[in-house]
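For 1-58, 372-396, the entry in TrEMBL reads region 'Disordered'. Residues annotated as domain 'Amino acid transporter transmembrane' in TrEMBL: 56-360. According to TrEMBL, the transmembrane segment annotation covers 78-101, 139-156, 176-198, 218-237, 262-285, 306-325, 331-356, 444-464. Annotated compositional bias 'Acidic residues' per TrEMBL: 385-396, in sequence order.
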Amino acid sequence: GGGEGARKVAAAPRKNGGEWYGTHRAVPQAGGETAHADAALRRRRQKPPKPPPPPGTSDYGLVAHAAFGPPGLHILDLLMFVLLLGIVVAYMDAVASFLSPTSFTTGRTWGDMLTAAMIIAPLSCVPDMGYLSKFSASGIAAVGATFAVIFWHGLSSCGLDGFGMVTWDDLWPSGGWYRGLSSWFGVAVFGYGIVPIAYNVRDGMREPEKMGTATSSALLLVWIAYIIIGDGVAILYRPLTGPEGFAGDVLRELPSGWMPDAVRIAMTFVVVVSAPLLVVPCAQLTEGKLGLDSPSEDKTTATKALHVLVRFAITLMGASIAILVPGFVNVLSFVGACSVALVSFVLPPLLHLALLRRRAIEALRRSGGATRRSADEAGRGGTTEGEEGSVFETDEETMKELERFGSDRSGDSAASERERAGYAVAAALAEDEYWKYLWVDGPLLLFGTLATGVASWLTFWQMFETAGGGR
C-alpha cells in the first residue's frame, strides 16, 4: 500500500521543506501571525539543500532518499544488504543439505559450504554476469526434473494414502501456535516477496502501466503452484513424515541411488551458479559505500583488486554464517520475517506518508503564509508553471487547483499574491490527501511493524535454538 503512490510523489526533485502543520486550518493568518510565519519560512530557506542521491541509485532508493534524505537511503541499502546476504546464507545451507547424502560430500558440513564458497566467489568476480543467467535459466529444467523424481518416489512409496490422513489440524503450522505461525509468516512473505524487486520489474516491462495486472496474475500463478507442488508433496509424504512434516528439505526423504543423487547434484549446480547473481548486487552496495563504484573503464588495478576482495569477503561471510546457523528453512524464515517484511509492509506506507507530508510542507513554504481566503479573493488568472522541478508536476489535482491562481511572470505584487495563494490551496489539498491515505497506510504500517517485530524475534531465536541442538 503506497509503493506506487510514493514513487509518484517522489518523482520531482528533492528539496528541504519546513515544519508540519496539523491541519490546513492552521495556515498562518494575516497580521502578526503572517509576519511570524514569513520569518520562520525565511529561516528554513537558509538550510542547505539535501545532497542528491548517488548515480545508479535504484528507484526504491530514490523514493527513500526523497522521503528521508541520505539516512533513508542508507537504511534501505542496509535492509537490502541483509536480505541478499541472508539468501546467500540459505543457499549455503541448501548446498550442504543437498550434498550430505551423496558421495561428493567432504564429510563435514563446513567443508561442503567452504567448497561451494570457493566456487561461488570467483564466479562473482567475472565482468559479465550474462552467461551465469543462462546457466541459472537452465536450472528450471533441473528443478522440474527434481520435482518429477520427488512425486514419483512419493507415489511409489506411499501411493495416495496421505490424502486420507489430512485433518483440520494440518491447516495450522506445526511447531506451536506462535512459533509455527511466525515461521509460516516468514516463509510466506519470502515466497510472495515482490516488493523488493517491484520497481526493477516495472522498469523492464514494455508496458509499465500494466504492472498491477501482471503482478496479480503472477502471484495467482505462484499461489496455484505452491498449492500443487508444496501441499501436494507434503500430503504424498505424510505416511513417511508424520503430522510434523519434513524435518528439512524434501530431498532428504529420497533414498540413496544414482537417480536421487543426480537430482541432488543438479540442484547443487543450480544453487552454485545462481548465488553470484545475489553476491554481485550485495557487493555493489558495499562498493558504493566505500567509493569503489567508478565506471569499469576508469578502474585501476588496485580498484579491481578491491572489488575481488569485497566479493570474496561477502561470499565467505555468507558461508561462515551458514556454518554457525545451519538449516535452510530456518534461515529463509528469518530473512522473510525480518528483511522482506520490513521492505514490503513497513517501508512502503511509511515512505508514502512521509512524502505526502513533505509535499504539504513544500506547498506551505511556497505559499509564504497565504490563506485559503486570500486565495479565493485572488480570482482567476493565467497558468502557473511554478519554478522548474515543482513538486506538483505529477499531481493532476493540485495542478488544476494551481491553474486557478496563475502568474503572468510580470513581477507585479498581485501576481505574486495569486501564486502564493495558489500554493496555500495546494498545501491544504496535500494535507487533505495525507489524512485520507493515513486511514489506509496507518493500519498497514501498524500491522507490518507488529508482525515483523514479533516474527523476527521468534524466528531469530528458533534459528539459533535449532542450530544449538544440531551441534
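From the backbone N, Cα and C atoms, a Cβ is placed for every residue, glycine too.
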### Message
Considering only Cβ pairs within less than 8 angstroms, which of the stretches 139-156, 262-285, 331-356, 444-464 has the most against the transmembrane segment (218-237)?
### Response
139-156
### Query
With pairs 6 or more apart in sequence, are the transmembrane segment (306-325) and the transmembrane segment (78-101) linked by at least 3 Cβ pairs under 8 Å?
yes
### Task
Quick one: find which recorded stretch in 78-101, 176-198, 262-285 has the most Cβ pairs under 8 Å with the transmembrane segment (331-356).
176-198
### Query
So which residues does the transmembrane segment (139-156) touch in its own chain, when a touch means Cβ under 8 Å and the partner is 6 or more beyond its ends?
162, 229, 232-233, 236-237, 250-251, 253-255, 259-260, 263, 266-267, 269-270, 273-274
